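TrEMBL lists 3-385 with the feature domain 'Major facilitator superfamily (MFS) profile'. TrEMBL lists 7-28, 40-60, 72-90, 96-116, 128-147, 159-180, 212-233, 245-263, 270-289, 295-313, 334-354, 360-380 with the feature transmembrane segment.
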Amino acid sequence: MLTRPVIVLFSFSCGLAVATIYFSQPLLDTIGAQFSMPTAQVGIVLTLTQIGYAIGLLLIVPLGDIVDQRRLIVGQTVLLGVALLATAISPNAWTFLLSITALGALAVVTQVMVTYTAVHAARERQGWAVGVVTGGIIGGILLARTVSGALCDLLGWRWVYVVAAIAVAATAAILARTLAGSDPTHHRLPYGRLLLSTLRLLRDESVLRSRAIIAMLVFAAITVLLTPMVLPLTSAPYHLSHTQVGLFGLAGAAGAVGAFKAGTWCDRGWANRVTGAGLSLMLAAWALAATLHRTLLGLAVAVVIIDFGLQSVHVANQSLIYRLDPELHGRVTAAYMTFYSIGSAVGAIASTWVYAARAWSGVCLLGAAISLGALAYWAALQRAAHQHRLGHQTHAEGLQDPVTHGTGECQ
């Protein structure tokens with residue numbers, strides 16, 4: 001069983017690894033200028049990162065079910081450091097985009113750690129443990145903007161990736177000394193069949209499929225908020241520095257506190273309630289985000305609320321999908337998080353296109369529409385589940401008292 005110190009180490013390690021794919025968000029204007037990318041196309045940086053992440057989810061994360069997870073985690077972390085260095089020294093746009101894609105693929109080490117946590121945590125504390133690790137992930141996503149913005153202003157954008165490479169290398173050394181090896185049950189399953197079984201899980205497991213779709217929508221919404229945000233903030237009338245833009249990540253980090261409480265609530269069987277509340281909060285927050293032309297406060301509050309809602313929904317999703325067979329957790333994670341990556345990739349490129357055409361108001365309308373779609377989909381699932389329960393109850397009553405039901409005396 002995992003101890004608290006190891007869970008905290010995982011939370012930090014996951015936060016650092018996932019931060020590497022979000023360092024570029026507050027730097028999009030600088031990176032775009034460096035490599036002569038127009039505003040409407042600069043979102044391709046995050047889109048390719050998420051495409052790389054999706055590739056890693058499909059091809060690397062399932063390996064956690066058939067190989068020693070310790071070796072997989074440490075090996076990926078080392079290679080992530082190499083990809084960060086390659087990104088830092090990229091001489092042109094093509095090598096930068098290739099390096100950032102590889103970085104995204106290797107950053108899926110976070111999901112291998114989540115799987116490791118779900119498998120090795122005590123059953124009665126699984127929701128809490130996954131919540132703590134997921135809190136580190138969300139915190140890393142948000143604080144990435146603060147750190148990268150400050151380092152960019154101090155040293156330039158390339159040093160953001162140099163410093164990250166050093167930190168990742170140190171983390172790899174600590175993980176190598178801390179983690180215990182594992183003996184996967186399905187060590188004889190061929191790699192091709194392993195990947196195919198991941199797709200079959202999506203086909204056969206309705207809970208996984210529905211929660212993956214919700215994840216795709218909520219992560220698309222958060223990416224729509226955060227990707228183009230740097231563009232109006234660094235322009236008139238605010239003219240904020242990258243460091244100041246990064247401070248919005250600190251505001252969002254307050255929302256990551258939701259991971260700790262959401263995990264506890266889900267352990268009590270409240271995952272559906274947490275999902276509904278989180279989706280409702282995300283939708284409502286877009287009205288505040290739309291006030292950016294008048295005040296920065298509305299956007300700051302919106303970031304907190306949307307991140308809290310996202311975090312709560314994400315933890316609720318994981319608490320439900322990890323109730324499936326523990327021997328399948330690597331593939332379950334891969335299938336679920338692939339949809340997250342698709343949502344993030346589409347949200348990144350769509351938001352910059354919309355911003356170029358319709359400015360910030362168009363971005364807020366897009367984000368609100370996606371959030372509304374997620375809430376409507378969840379509500380439809382609840383109605384379908386309720387009708388299924390009623391039908392099952394009616395059928396059971398008919399089996400218990402066929403005579404009275406047949407004569408119509410109970411109607």
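Heads up, the Cβ atoms here are built off N, Cα and C, so glycines get one too.
On a predicted model such as this, the values are computed, not experimentally measured, just so you know.
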Stretch-level contact, the transmembrane segment (334-354) and the transmembrane segment (295-313), CB cutoff 8 A, at least 3 pairs: no
The transmembrane segment (360-380) and the transmembrane segment (128-147) contact flag, 3+ Cβ pairs under 8 angstroms: no
Within the predicted model, mean pLDDT of the domain 'Major facilitator superfamily (MFS) profile' (3-385): 89
